[in-house]
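Novice: Supplied in structure tokens, the structure appears directly below.
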Amino acid sequence: MANSHSISLALSILAFTSHVGTGFAAPVATASSLSPLLGYSPSNTLVNENTNNIQYSLAPGQTSDANIGAYLDFENIANPQPIRGTKGGTGPGPRASEYDRINSDKLAPPGTDHGDVANAQWPMVSNRCRLGQSGAGWSRQQNVGVLPAATAMAGVDMRLEPGAYRELHWHKAAEWALILNGTVRIQAIDENGRTFVDDLSKGDVWFFPAGIPHSLQGLSGGCEFLLVFDDGSFSEDNTFLASEVFAHNPKEVLSKNLNLNVSAFDNIPPNELFIFPGTPAPTDITKQNVTVTAGIIPKASSFSYHFSEQKPMEVAGGSVKIIDPTNFPIATKFSAALVTVKPGAIREIHWHTTSDEWNFFLAGKARISVFAAEGNARTFDYRAGDCGYIPKAMTHYVENVGTEDVVFVEVLQADHFSDIALGQWLALTPKQIAQDTLHLSNATLASLSKAKQYIVQGPVVATTAAISLSVTSTATTKPSTPKPSKSTAKAISTTTKA
């Protein structure tokens, strides 16, 4: 065992070597100078602090039964706290209150949450923007790097200014796209040399199988679109670009391959172009039709689908539009629904039997509870621009918790769009079995719809006053006897539409 002299010597050497080359003589720590600060010492002083001396507000319903699980609107709550019913307590901080206000179900989860479920929510705005050249546009992506549960699909949000290109390229993964706004011209060829060109606008969809080379160009007014890839580890950095194919093959080889003089390649780009400004596309699309012996891509194999022109299925609480290989054959494993949920309504509790679900929110405020079996459940909050991911077979709903329509797209890796609805399942189960299992009355079971509803309309929750508390006493102060505040919640206004 080392004696006190050896410990003191070691500490002195450590202090000396830590300051070699700094240009000044630093004080040397010794065992004798450190010992009063390590562990208990009679000379230590304890600084008592009243950590309950904080001011905060409680949202309407925050002191109610936690198992009811009503949505807590923290939008205009001062210093929101992790309290739900009789559970939780105050938190003096430090905390990012702005984040708490838009994620109330993380700060004060409903009592029905239990255990742990992999994160199912990620704001696309939290990702780094990759900037195009000369103000031509940008992109940002979501993959397993930021949402580890999303193993089967990844997403990209991309912007092209008028006339800007996403340069000629292809991917190892298949690409499904939904246009969020504006207009774009897409162009491609297939393995047989057949050509394709089409103009698409807000709400339309395209699909390129893995390996199919294509380009995109923003038309008048530019465009923004959502890309979904069938690989959770997909990265934009791994795209095969035409500029790099030319930059990274010897010019002598390019000369032989294309039967051109080496000087023909004197001005090729030295690096990737990615997104760059270009010559505006001709208004007449036929001027860009390349006619060859192989012909053009036939209608049945079209790379585009004018989803914006499909009539939605109207239901009590909103509407649903479905696109899958039954009406867009080329997208063999991509099935999707564009869903609008009215205020107070809910995309009914359901699950998918064969696929994970990747979703993206276009408008409104929503929340989703994911039940992952074995007693594990977790609730997440979503806003426009957020991605969501729910693994296969896990139940979930999408509840509109705001005052405007919630619009989102849910994407599956499946040969047709399908789900199993909780309500329909119970309605089609013999009443005795359901009653013995869940202790529901015959009248309750008889009221269930035998048809899939997709969206169920509920009451629009009225805005009421928040509760303000000024807590200066001990932790025994209860948040159940507050004085009302004059502040009221404000409605959120979003102009994005699907």
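Placement of Cβ uses the backbone N, Cα and C atoms for every residue, glycine included.
The active site, proton donor annotation in TrEMBL covers GLU410. Annotated Mn(2+) 1 binding site per TrEMBL: HIS169, HIS171, GLU175, HIS214, in sequence order. Look at TrEMBL and you will find HIS350, HIS352, GLU357, HIS396 tagged as Mn(2+) 2 binding site. For 123-266, 305-446, the entry in TrEMBL reads domain 'Cupin type-1'. Positions annotated as region 'Disordered' by TrEMBL: 473-498. Taken from TrEMBL, the feature signal peptide applies to 1-25.
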Novice: If you compare CA-to-CA distances from HIS350 (Mn(2+) 2 binding site) to each of the binding-site residues HIS171, GLU175, HIS214, which comes out shortest?
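Specialist: Of the binding-site residues HIS171, GLU175, HIS214, GLU175 has its Cα closest to that of HIS350 (Mn(2+) 2 binding site).
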Novice: Return the single residue from the binding-site residues list (HIS169, HIS171, HIS214, HIS352, HIS396) that has the minimum number of other CB atoms within 10 Å.
Specialist: HIS214
Novice: Which binding-site residues (HIS169, HIS171, HIS214, HIS352, HIS396) fall within 10 Å of the residue listed as 'active site, proton donor' by Cα distance?
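Specialist: Neighbours among binding-site residues: none.
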Novice: Can you tell which of the binding-site residues HIS169, HIS171, GLU175, HIS214 lies nearest to GLU357 (Mn(2+) 2 binding site) in space, using Cα positions?
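Specialist: The answer is GLU175.
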Novice: On a C-alpha basis, identify the one among HIS169, HIS171, GLU175, HIS214 that is nearest to HIS352 (Mn(2+) 2 binding site); the candidates are the binding-site residues.
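Specialist: Closest by Cα: GLU175.
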Novice: Using the Cβ centroid of HIS350, HIS352, GLU357, HIS396 as the reference point for the Mn(2+) 2 site, which residues of the same chain not in that list have Cβ within 8 Å?
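Specialist: My list of surrounding residues reads TRP351, ILE390, MET394, THR395, GLU410, ASP419.
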Novice: Just to be sure I understand, if DSSP states are collapsed into helix, strand and coil, how many residues of the domain 'Cupin type-1' (123-266) fall in each?
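Specialist: Tallied per class, the domain 'Cupin type-1' (123-266) gives 27 helix, 67 strand, 50 coil.
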Novice: Compute the C-alpha separation of HIS169 (Mn(2+) 1 binding site) from HIS396 (Mn(2+) 2 binding site), stating it in Å without decimals.
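Specialist: Distance between the two Cα atoms comes out at 37 Å.
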Novice: If you measure from the Cα of HIS396 (Mn(2+) 2 binding site), which of the binding-site residues HIS171, GLU175, HIS214 is the nearest?
Specialist: GLU175
